[in-house]
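J.: Following this message is one structure expressed as structure tokens.
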Amino acid sequence: MLRTLLPFAVALLIAPSAWAAPGNSVEFLSMEYQGSNPDEDALPITDNEYRNPILPGFQPDPSIVRVGKDFYVVNSSFGWVPGLPIYHSRDLVNWTQIGNAIPDSADFKLPAVGINRGIFAPTIRHHKGLFYIITTCIDCGGNFIITAKNPKGPWSKPIWLDTVTGIDPDLFFDTDGRVWITNNDEPQGPAQYDGHRALWLQEYDPAQSKVIGPRTVLVDRGVKPEEKPIWSEGPHIFKKDGWYYLTAAEGGTSDDHRQTIYRSKNVTGPYTPGPNNPILTQRDLDPARPLPVYATGHADFVNLPGDKWWAVFLATRPYERNLTNLGRETFLLPVNWKDGWPEILPQGKAVPLRVKRPTLPRTHQKTDYSKWVEDFNATKLGPQWLARKAPASEWLNLTEKPGSLVLRGTGPQFIGQRLRHRNAEISTTIALPSANQYGRAGLAAIADEGHQFIFGLETGATGRKLVITAKGLKGTAGADVVLFEKALEPLRTSNIRLKMHIKGAAADFAYADGNGNWTTVLTDADARLLATEYDILLFTGTVVGLYSTDVMN
């Protein structure tokens, strides 16, 4: 079991050359983002409504907790760092990222895992003044718990749960003082088919920081075992009116995804499935319907004052079939109770993109992800920035040249943010590197190591040129494909601007000399390579941002 967390060694691109030499660096003067969802934005919305998703872009596997008037959500982060983003809200509609439970720190480095590995499916809870997150690090140590007095941090170092195997752990604090972990794992005995899983329960002793007592199977297979359901996962237990409720996802995180419910008078079971399972799914709807929401599931419940219940869950917004560049996002819907059973959405009903707001005091701060400009005047980046190597202080500097972000040329580097809109323009201004600093710098759109666009200014022995490469196009065997390459004419200024325009299934690219007009160099590149189900199932979404690399081929 891995206990010393090592730095990320997985490079985004390929290997070393002149920019890896000491002293070489790239200076980014700004990054701008402007996004829209034209079809959705055309839907009128009243002051008493909110739009789904509440957390757009790559924000899967949400877990939620209420502490007084405050709500907190945590999401999976997989192989990106910092990890476990934490959001705060007072109205369940407008959310602000307040930190990351796994910081960009030399004290807590994740090992070299792929982008689709790493941190899976956390649960956040609060008990007696302490916040708890329990989660899984795939290929990097297994299940662990971290704690904090303040959700902004600092969070503790991991408490590793050596004997808790499997994924998607939940932490339940019972009213009698006992604490329980529920999680997905292999069934008792040999699996009967691919995807056959069970939900297990075991007591946890916070004083000893370990599980105690026997493990108990709560659910084997799923709601209807005779139908051989797959991937029963993401369990959460909560208590209401003397009943223990167990909710879990089934079907895998794609078109058959669904949320289920069980209940019992005892936390250890037996659990009885509800009469209206699944309590959330879109699997039975026409995929050609307007503005489809897809792959709903992995829900967590929260109780508001007045015993009003709501649920957060993941879903996607495809632009064609099951393709989306945004990844799995966080949605919010009210929970309806009937005869002691909860239901998020009746079967056959589409997830609404406009919903009546919860009955909570309005907050003055409105969340708007559609337009932002980063001019790098601060001495520290906000918590929304993502990278593949930590700590960023080893290769990123905001104080060396105030008003600039400097990426040092010690190898491939990338810093970015989540793509949150179907239609988005991402641009940057770069100070021209000296002619003897060989390498490439520019913009990148990255779904994972094998699916990405790179648009850069390349400096080499023969001068400067613009290069656009794609990785992950079908029929290319995973090779980097040069989509555009052209020598750059001498510029009138010392800066160059680069722009990507990602518009669903297509992407355009342009550049400008300083503040001059944009010149389009490539249109309608196949952006489906960024989609979550283009050729393989990706757990993440697209991250767009700034990169520098010493790759010359």
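Each residue, glycine too, has its Cβ placed from N, Cα and C.
Dumping what TrEMBL says about this protein:
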type	residues	note
ACT_SITE	D61	active site, proton acceptor
ACT_SITE	E233	active site, proton donor
DOMAIN	374-550	domain 'Beta-xylosidase C-terminal Concanavalin A-like'
SIGNAL	1-20	signal peptide
J.: DSSP three-state call for D61 (active site, proton acceptor): helix, strand or coil?
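T.: Assignment for D61 (active site, proton acceptor) reads coil.
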J.: In which DSSP state, out of helix, strand and coil, do we find E233 (active site, proton donor)?
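T.: DSSP assigns E233 (active site, proton donor) to strand.
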J.: May I ask for the distance between E233 (active site, proton donor) and D61 (active site, proton acceptor), taken between their Cα atoms and rounded to an integer number of Å?
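T.: About 11 Å separates the two Cα atoms.
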J.: Counting only residues 6+ apart in the same chain, whose Cβ is under 8 Å from the Cβ of D61 (active site, proton acceptor)?
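T.: Correct list: N75, S76, F120, A121, P122, D168, G234, H298, L314, R328.
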J.: Once the chains shown are all counted, how many other Cβ atoms turn up within 10 Å of the Cβ of E233 (active site, proton donor)?
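T.: A count of 26.
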J.: Summarise the model's confidence over the domain 'Beta-xylosidase C-terminal Concanavalin A-like' (374-550) as a mean pLDDT value.
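T.: Taking every residue of the domain 'Beta-xylosidase C-terminal Concanavalin A-like' (374-550) together, the mean pLDDT is 92.
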